[in-house]
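Trainee: A single structure is presented below for examination.
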Amino acid sequence: MCPARSLLLVATLVLLDHLSLARNLPVATPDPGMFPCLHHSQNLLRAVSNMLQKARQTLEFYPCTSEEIDHEDITKDKTSTVEACLPLELTKNESCLNSRETSFITNGSCLASRKTSFMMALCLSSIYEDLKMYQVEFKTMNAKLLMDPKRQIFLDQNMLAVIDELMQALNFNSETVPQKSSLEEPDFYKTKIKLCILLHAFRIRAVTIDRVMSYLNAS
């Protein structure tokens with residue numbers, strides 16, 4: 001590189017650093033060789049973390065911290081994500097999971113160009129079912145929040161979109177999940193508390209999903 005261009009490059013970088021613009025540069029495109037769903041899981045974790053932070057700030061007079069809420073897992077006894085996604089070297093008895101009645105989702109881009117083991121198929125299928133359950137709950141909850149005269153808080157549409165993107169990546173044939181309708185008059189106070197509970201639980205699950213995708217990317 002000629003001296004003039006080198007000086008120009010250095011000057012540009014110094015200026016960016018001085019103006020603190022370097023931190024706001026676009027995120028690099030994922031490596032083509034990266035496990036396809038890792039990028040989606042990273043986006044999911046970022047989106048739900050941002051939404052949880054927003055909820056805690058907006059609902060500051062509600063019990064919305066991890067110490068104040070009653071922790072609840074809506075996927076309990078319905079999916080086996082934690083067990084199914086254990087690394088093979090930590091799985092002592094795969095036959096226990098084999099005996100489960102499970103329908104596999106194996107036609108998404110997450111499995112593109114990969115040999116699919118039973119455990120990987122079970123793991124990704126379970127993650128898909130988790131996302132589907134949370135998607136239904138969030139859509140139903142958002143419909144109630146939109147009815148609130150105070151219009152205090154709504155779910156971030158980016159988070160809902162990221163959930164849908166990961167579901168599509170796990171299953172090309174994924175259909176739009178209908179939201180549950182309710183004839184009851186919404187209790188907005190309880191709905192907002194429920195939102196905090198759901199966001200805390202979903203962030204924990206998003207951390208698990210991201211770690212699974214990171215492990216699969218490295219394996």
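The chain as shown is numbered from 1 upward.
Quick reminder: no glycine exception, Cβ is built from N, Cα and C everywhere.
Quick paste of what Swiss-Prot says about this protein:
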DISULFID  Cys37-Cys110  disulfide bond
DISULFID  Cys64-Cys196  disulfide bond
DISULFID  Cys85-Cys123  disulfide bond
CARBOHYD  Asn93  N-linked glycosylation site
CARBOHYD  Asn107  N-linked glycosylation site
SIGNAL    1-22  signal peptide
Trainee: Sequence gap of 6 or more, Cβ distance under 8 Å: name the residues on the same chain that satisfy this around Cys85 (disulfide bond), in order along the sequence.
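Mentor: In sequence order, the residues whose Cβ lies under 8 Å from that of Cys85 (disulfide bond) (at least 6 apart) are Cys123, Ser126, Ile127, Thr208, Val212.
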Trainee: Between Cys110 (disulfide bond) and Cys196 (disulfide bond), what is the CA-CA distance rounded to a whole number of Å?
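Mentor: Here the two Cα atoms are 30 Å apart.
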Trainee: Just counting, how many other CB atoms are there within 10 A of the CB of Cys37 (disulfide bond)?
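Mentor: Counting Cβ neighbours of Cys37 (disulfide bond) within 10 Å gives 26.
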Trainee: Are there any residues at least 6 positions away along the chain from Cys64 (disulfide bond) with a Cβ closer than 8 Å to its Cβ? List them or say none.
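Mentor: Spatial neighbours, sequence-distant, of Cys64 (disulfide bond): Ala55, Arg56, Lys192, Ile193, Cys196.
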